[in-house]
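First up is the structure itself, then whatever we jot down about it.
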Amino acid sequence: MAAPLDQAIGLLVATFHKYSGKEGDKNSLSKGELKELIQKELTIGPKLKDAEIAGLMEDLDRNKDQEVNFQEYVTFLGALAMIYNEALLQYK
């Protein structure tokens, strides 16, 4: 049986691949795929406006190829983890 952290990492990877490749490159997320992932997988997702998601896409797309590759996705997850950690510290 996999350890909890192994399971969590596996879920993060599987979530990327669940949404990537529907509109093109199977190893990256288009703007539409990123939007769908955010809206379906994050609690805050449905509350975000299209302009906010577009801004997030622009921030994440470091190589400016109009897609979010796995490395850019992991950067996004790291930023989210930092936000979640700050929220947790406030409630301790």
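Here the Cβ of each residue, glycine as well, is placed from N, Cα and C on the backbone.
Per Swiss-Prot, domain 'EF-hand 1' is recorded for 12-47. Looking just at the domain 'EF-hand 1' (12-47), the mean pLDDT is 96.
Sequence-distant contacts (6 or more apart, same chain, Cβ under 8 Å) of Ser28 (Ca(2+) 1 binding site) comprise Ser20, Gly21, Asp65, Glu67, Val68, Asn69, Phe70. The Ca(2+) 1 binding site annotation in Swiss-Prot covers Ser28, Glu33, and the record cites a curator's inference as its basis.
Residues annotated as domain 'EF-hand 2' in Swiss-Prot: 48-83. Outside the domain 'EF-hand 2' (48-83) by six or more residues, the chain places 12, 16, 24-25, 27-31, 34-35, 38-39, 42 with a CB less than 8 A from a CB of the stretch.
Look at Glu72 (Ca(2+) 2 binding site): DSSP puts it in a helix. Residues or ranges marked as Ca(2+) 2 binding site in Swiss-Prot: Asp61, Asn63, Asp65, Glu67, Glu72.
Residues Ser28, Leu60, Arg62, Lys64, Gln66, Val68, Asn69 surround the recorded Ca(2+) 2 site, their Cβ atoms falling within 8 Å of the Cβ centroid of Asp61, Asn63, Asp65, Glu67, Glu72, which are themselves excluded. Geometry remark: Asn63 (Ca(2+) 2 binding site) versus Glu33 (Ca(2+) 1 binding site), CA distance 18 Å. In this structure, of the binding-site residues Glu33, Asp61, the smallest number of CB atoms within 10 A of the CB marks Asp61.
Here the CA atom of Asp61 (Ca(2+) 2 binding site) lies 13 Å from the CA atom of Glu33 (Ca(2+) 1 binding site).
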